Amino acid sequence: DFLALRLVNGNDCAGRVEVFYNGTWGSICSNRMSQLTAVTVCKHLGCGEEGGIAPDFKYGRGSGPTWLDHIECTKQHSSLWQCQSDPWDPRSCDNRAEETHITCTGRKEATSPAAFAECPNSTSCSDREKLRVMGGEDECSGRVEIWHQGSWGTICDDAWDVADANVVCRQLGCGSAVSALSEAAFGEGTGPIWLEKVHCKGTELSLWDCPAKPLIGKNCDHKEDAAVNCSDVLPIFHTCLFLNLDSPSFCSCDRNNSITHESSTRLSVPVILCIILGILLCLVLAILTGQIRRARAQQR
């Protein structure tokens, strides 16, 4: 359900406008589209501060859905996702003649491959690594943040409930949800707000399996960041037992996973062997006693 934007059949800064939504690339309609909206598309793509709507279907016609219509941007908008529009609809345009073609005057600046990396710390990662909670007391409570288009962003609390929180907690390895919190319960985030109206059933293994809407316009701000409280705490603090013939001891691991040992009664190898032999001797005596009793019973 996450969004992306591109220009096709031209170059990086000129072409037919397409958006990626619900797993499919599709066009947008030009009805009521102003010069400001075209400029916003150029800004969004890093193609300068100026641009315009290209006439005469210069960049060909699309074949997929037509996702959006009546997009209206203002001077304050730097991203198409901030602009107002009609709801998502795969048949937004009446015909292909309404598809949007844009030419920007600038050129894309070269960016490093990590600028829009799919993963926060590596070239390949799991859904678990693209999800985190921030601002809580541990790694199992806090403001929910997801990694998308090269940056961490939050989720709007519209329709946020325990079913959604359950999926987040399970994905984090933190058990089930104690509560689904709203209104920036763990503080306001920064950066983009990537999603709103997440609708999980609660049985999904990943938040990415849940239906959701990308945030369009100013429907939400960081005062509405969603958060969770999970039932478990990640095993940062735990107690372990090292069995050592020379010196059995307990250890505890701190938040940095460094191990500290707690001394216990020192047992030498001969003492341990005597204990084992004593147990074996008791077993042998018990078996012999049982056999003697059975033999006497048979003689009678």
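Placement of Cβ uses the backbone N, Cα and C atoms for every residue, glycine included.
Heads up, TrEMBL stuff is auto-annotated, nobody curated it.
Of the listed cysteines (Cys156, Cys274, Cys282), only Cys156 is recorded by TrEMBL as the disulfide partner of Cys220.
Per TrEMBL, the residue from Cys73, Cys83, Cys93, Cys104 that shares a disulphide bond with Cys29 is Cys93. Ranking the disulfide-bonded residues Cys73, Cys83 by how many Cβ atoms sit within 10 Å of each one's Cβ puts Cys73 at the top. When the disulfide-bonded residues Cys29, Cys73, Cys93, Cys156, Cys210 are ranked by how far their Cα is from the Cα of Cys169 (disulfide bond), Cys210 comes first.
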